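Worksheet: one structure, shown below.
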Amino acid sequence: MCEVGTRPALPAGDRGGGETPPASALSPPALPPGEKCREMGEQPIFTTRAHVFQIDPTTKKNWVPASKQAVTVSYFYDSTRNSYRIISVDGAKVIINSTITPNMTFTKTSQKFGQWADSRANTVFGLGFSSEQQLSKFAEKFQEVKEAARLARDRSQEKTETSSNHSQESGRETPCSTRASSVNGTDDEKASHGTPSDAQLKTENDKLKLALAQSSSNVKKWETELQTLRESNARLTSALQESAASIEHWKNQFSICKEENDQLRSKIEELEEQCNEIDKEKERNVQLSRRLQELETELQDKELELEDLRKQGEVIPQLMTECESLSQKLQAAEKRNKDLEEKVRALRMEVEESRHRQTNLKTELQTFLDVLDGKIDELHDFRQGLSKLGINN
């Protein structure tokens with residue numbers, strides 16, 4: 001078994017969902033250089049990338065993401081155990097380790113999602129693919145691996161039955177040999193015990209006769225079984241011949257049905273085209289009826305507008321007189337507005353002049369303050385000099 005904790009190195013042809021050689025033979029490819037397994041025999045046979053999910057153990061309805069992004073999902077074949085596994089590793093975490101059995105079923109629940117149940121792990125695994133083609137390839141590989149697992153199980157059962165039959169036959173033969181050795185005895189036993197009595201010889205002879213009768217009955221039974229096998233083989237051969245003949249018949253029937261199917265498809269296509277044209281005509285009629293209703297509503301609106309205009313036409317002379325009075329008032333207001341604009345301009349000029357005066361006064365005041373500061377400094381120096389002279393005197 002490969003070391004599950006590390007991500008297995010993949011062949012160059014398997015990266016990105018590529019498929020290895022056809023799985024009908026299911027012969028595992030050669031391991032790439034650098035692949036190291038703890039035990040010999042386990043090799044990847046198919047690899048793809050998908051988002052991994054597991055069923056919620058509490059609700060058994062919702063899916064829980066097992067990986068934050070798409071990870072590598074691989075089929076592995078173990079030649080020592082003759083078994084197949086699906087393994088997926090996200091970093092150092094094993095998120096899928098499922099041994100495939102013949103009872104498992106892979107189900108496509110959507111165009112890009114599939115799932116299967118693992119009774120050993122007591123969970124249901126789900127895979128989300130980036131395309132429908134990758135999902136189809138994975139499902140086909142699952143079916144092939146499942147069939148190979150079933151064949152491996154049947155072969156192991158046949159081997160077990162064969163070994164058990166061999167052990168039974170050897171067990172049946174062993175008492176005869178022991179009986180023969182007990183009847184004849186070895187040279188040492190004859191020397192130590194002497195010649196056996198007639199009664200012992202008779203009982204051993206009867207036992208040998210009974211064993212011989214059983215062996216002859218077994219031979220007859222095997223002959224009858226062989227005869228039945230030959231008869232069944234003959235029946236199978238005849239059935240195979242009949243099936244070959246029926247295959248030819250069904251091939252002809254299939255070709256006839258295929259031609260009829262092609263004719264029906266062409267008729268269906270013609271009918272679909274006619275139905276499409278009818279649907280288009282229906283849509284046009286619906287559009288025309290809608291347009292007619294819209295035009296009728298517009299006509300009603302126009303009539304209402306016309307009535308309003310007639311009513312407004314009766315009020316127009318009164319509006320004309322009001323308009324003349326308003327125009328006169330507007331002219332008077334314009335004259336007042338001009339006067340006010342002239343006053344505003346004069347005020348703006350006065351404000352500008354006052355601003356200039358204030359700036360001039362500020363500059364003069366600043367110069368006066370500077371001169372005053374200089375005089376104050378001189379007086380302070382003079383006072384300090386006087387105080388020094390007073391102290392000295």
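A Cβ is built for glycine as well, from the same backbone N, Cα and C atoms used for every other residue.
TrEMBL: automatically predicted annotations, no manual curation.
The coiled coil annotation in TrEMBL covers 205-357.
The feature compositional bias 'Basic and acidic residues' is assigned by TrEMBL to 149-161.
Annotation source TrEMBL lists compositional bias 'Polar residues' at 175-185.
If you look up TrEMBL, you'll see 37-149 marked as domain 'WH1'. Looking at the domain 'WH1' (37-149) alone, the prediction's average pLDDT is 87.
According to TrEMBL, the feature region 'Disordered' maps to 1-32 (among others).
The annotation region 'Disordered' is assigned in TrEMBL to 149-203 (among others).
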The compositional bias 'Basic and acidic residues' (149-161) - residue tally per DSSP class, helix then strand then coil: 13 helix, 0 strand, 0 coil
